[in-house]
Amino acid sequence: MKMKQKLEVTSSRPYSIFLGVGLEDLGAYLEKELGGIEHLLIVTHPRVKEHYLERLINGFSAFQCDVLVVPPGEEEKSLERLSKLTSEAVACGADRHSVVLALGGGVIGDLAGFFASVYMRGIRFVQIPTTLLAQVDSSIGGKTAVNHPSGKNLLGAFYPPLVVWTDFSTLETLPWEEVLNGLAETVKHAVLGDAALFSFLETNQQKIIDRIPEIYQELTSRSLQVKVRVVMEDEKEKGQRMLLNLGHSFGHALETEAAYQGISHGKGVSIGMIAATYLAEARGLITSAEVKRILDLVKGLGLPIQIQGKDPEILLHLMEADKKNQKGQKVLILPDKIGHALVVRDACDEEILQAWNKVIIK
Ligand SMILES: NC(=O)c1ccc[n+]([C@@H]2O[C@H](COP(=O)([O-])OP(=O)(O)OC[C@H]3O[C@@H](n4cnc5c(N)ncnc54)[C@H](O)[C@@H]3O)[C@@H](O)[C@H]2O)c1
């Protein structure tokens, strides 16, 4: 059963998010809403192309369509790939009127979005998220980027899409490990901004594990609404938007230490959120009963709450590179109750080490 829904993001460049729509209906929407489109550039991964390109293209008989295929992997969010996309786009005659369609997960959304933001000084683009993480998180908010040897997402732009077009049926082929990455961000959204979503996740744990489609529609819609709300209050991340980084200061340190190989983003966020929760508990910000609920939900969904054999001192040092830090001071996001979080600027290294020690199995 498809639940069709439309949400409006009223940022500096407003756009709509459509949920529960079909890939094959995007062509008719673009023709009706935008008119005058002659050329589409679809950027996608091989596996996503295999499963979904035909359905998408069926709706595009009115347009010239070219497909640019990018190998999977975080390493493809690079300047080298951006340069290759540029050559390919020029070769197929893309001009200022072309529209980029990002068909895939967060890697494709970030890469194709950044490409669209700089190609001929900016051409239009559409997000068509096909992973849970992209549906609940990365396709919303207008952040696009590529990585650089000096840091993740170091080169990027705030570049909102024309529209986000979410077909839930794409989740059917998504491997469970990838689903877990999206679930980690969903739990994060619930902890930082929606106590009712948290209860919904608690109640429906088994249905989530059983991958019941209706439950995913509901959790996606509620989860992305947390992000939409926060982003609309602070589009350019000057304050409140930092809350969305709950778990990420700790999580990025784990990912960097493993050179983005040994630990997925979702697992990093999951363990990072637990470390932040322990730190909040040690400060008396959150009750032990709420800490237990967070631990139980994360564990119950099959996400990790601990990690083996890491050196807390090294991880503490890696946290110094966090983009949120200001004037050498670590900026952390801590939950003070389920459904609410705070930006904390005065955490000392000792407290952070204690939190690391609680999530590291010696
Ligand atoms: N811009 C933002 O606000 C934001 C927010 C969070 C994360 N991100 C970025 O998102 C990226 C991670 O995104 P991700 O978790 O979606 O991973 P991903 O884009 O790497 O996709 C994961 C894998 O799933 C495959 N895949 C995608 N859709 C599929 C489908 N429907 N069926 C089968 N396989 C499918 C892909 O080919 C890929 O191999 C990171 O680069 C991260 O920095 C960006």
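Glycine is no exception: its Cβ is also placed from the backbone N, Cα and C atoms.
DSSP labels the residues of the domain '3-dehydroquinate synthase N-terminal' (68-179) in these numbers: 49 helix, 32 strand, 31 coil. Feature annotation from TrEMBL assigns domain '3-dehydroquinate synthase N-terminal' to 68-179.
Here TrEMBL flags Gly106, Val107, Ile108, Gly109, Asp110, Thr130, Thr131, Lys143, Lys152, Thr170, Leu171, Glu172, Thr173 as NAD(+) binding site. The number of other Cβ atoms within 10 Å of the Cβ belonging to Thr131 (NAD(+) binding site), over all protein chains shown, comes to 25.
The predicted model assigns the domain '3-dehydroquinate synthase C-terminal' (182-325) a mean pLDDT of 93. Residues annotated as domain '3-dehydroquinate synthase C-terminal' in TrEMBL: 182-325.
What TrEMBL records for Glu185, His248, His265 is Zn(2+) binding site. Within 10 Å of the Cβ of Glu185 (Zn(2+) binding site) there are 30 other Cβ atoms, across all protein chains.
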Checklist line | Between Thr131 (NAD(+) binding site) and His248 (Zn(2+) binding site), the C-alpha gap once rounded to whole angstrom | finding: 19
Check: What binding-site residues among Gly106, Asp110, Thr131, Thr173, Glu185, His248 have a C-beta sitting less than 6 Å from any atom of ligand 1?
Finding: Gly106, Asp110, Thr131, Thr173
Next item on the list: Compute the C-alpha separation of Leu171 (NAD(+) binding site) from His265 (Zn(2+) binding site), stating it in Å without decimals.
Entry: 18
Notebook entry, point to check: If you measure from the Cα of Ile108 (NAD(+) binding site), which of the binding-site residues Glu185, His248, His265 is the nearest?
Noted result: His265
Item checked: Max pairwise CA distance, angstrom, over record-listed NAD(+) binders Gly106, Val107, Ile108, Gly109, Asp110, Thr130, Thr131, Lys143, Lys152, Thr170, Leu171, Glu172, Thr173 -> 29
